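K.L.:
Quick one: the structure is below, questions incoming.
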Amino acid sequence: MKALQEKILREGSVSGNDILKVDSFLNHQIDVAFLNEIGREFKERFKGEKVDKIFTIEASGIAIASIVSQYFDNAPVVFAKKSESKNLDKDVYETNVYSFTKAREYSVKVSKKYINKGENILIVDDFLANGRAALGLKDLIEQAEANLVGVGIVIEKGFQAGGALLKANDVRLESLAVVESIDNGTVKFR
């Protein structure tokens, strides 16, 4: 998505050779008008697919999933929770995922009420780095005996293993921007 690449170059910043910060428009402050363009693009990429629910992981994926939902007939948005919560049902699907950004492993959970057998689920998230979050969500979908339509990623770090890992697991991956490298403050796209 050319407009996304241009926005990253214009408004993003880098830290080291592996961190791309897009907090000015995607995951801290949100440019809702631009997020609508992202939602439209995901609809185009997954055109013709039946999507019953949009699935993500807290927290940065929630805003993206909510906008994307509007382009899939307002499909409900479900997000896996990383933290313990007194108001989360005890009857949950659960798996462990490693977060590249936080450099730690999380137990993520989703209530069995919200992912159901036979449903067609589209995963969306802001970043793909090592692919563990997406594979964790895929595991939750499989536990529920639901169907994974695919994974929609706003920004894939192509220099990390996530994309290859998802493809090796027969996951349809649609990344709107793939960063080939971050070198000396310069972002290069695939």
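For all residues, glycine too, the Cβ spot is worked out from N, Cα and C.
Swiss-Prot lists these features:
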- LEU20, ASN27, LYS157: xanthine binding site (BINDING)
- ALA129, ASN130, GLY131, ARG132, ALA133: 5-phospho-alpha-D-ribose 1-diphosphate binding site (BINDING)
K.L.:
Sort out for me which one of ASN27, ASN130 has the most neighbouring CB atoms within 10 A, since those are the binding-site residues we care about.
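P.N.:
That would be ASN27, with the most Cβ atoms nearby.
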K.L.:
Inside 10 Å of the Cβ of LEU20 (xanthine binding site), count up the other Cβ atoms and send me the figure.
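P.N.:
Cβ-Cβ neighbours of LEU20 (xanthine binding site) within 10 Å number 18.
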K.L.:
Measure from the Cα of ARG132 (5-phospho-alpha-D-ribose 1-diphosphate binding site) to the Cα of every one of the binding-site residues LEU20, ASN27, LYS157, then give the nearest.
P.N.:
LYS157
K.L.:
Give the helix, strand or coil assignment DSSP yields for GLY131 (5-phospho-alpha-D-ribose 1-diphosphate binding site).
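P.N.:
In three-state terms, GLY131 (5-phospho-alpha-D-ribose 1-diphosphate binding site) counts as coil.
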K.L.:
Please tell me which one of the binding-site residues listed here (ALA129, ASN130, GLY131) sits closest to LYS157 (xanthine binding site), measuring Cα to Cα?
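P.N.:
Nearest listed residue in space: ALA129.
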K.L.:
Of ALA129, ALA133, the binding-site residues given in the record, which has the fewest other CB atoms within 10 A of its CB?
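P.N.:
Comparing Cβ neighbour counts within 10 Å for the binding-site residues ALA129, ALA133 gives ALA129.
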K.L.:
Restricting to the chain of GLY131 (5-phospho-alpha-D-ribose 1-diphosphate binding site) and a gap of 6 or more, list residues whose Cβ falls under 8 Å of its Cβ, or answer none.
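P.N.:
Counting only residues 6 or more apart in sequence, the Cβ neighbours of GLY131 (5-phospho-alpha-D-ribose 1-diphosphate binding site) under 8 Å are ALA161, GLY162, GLY163, LEU165, LEU166.
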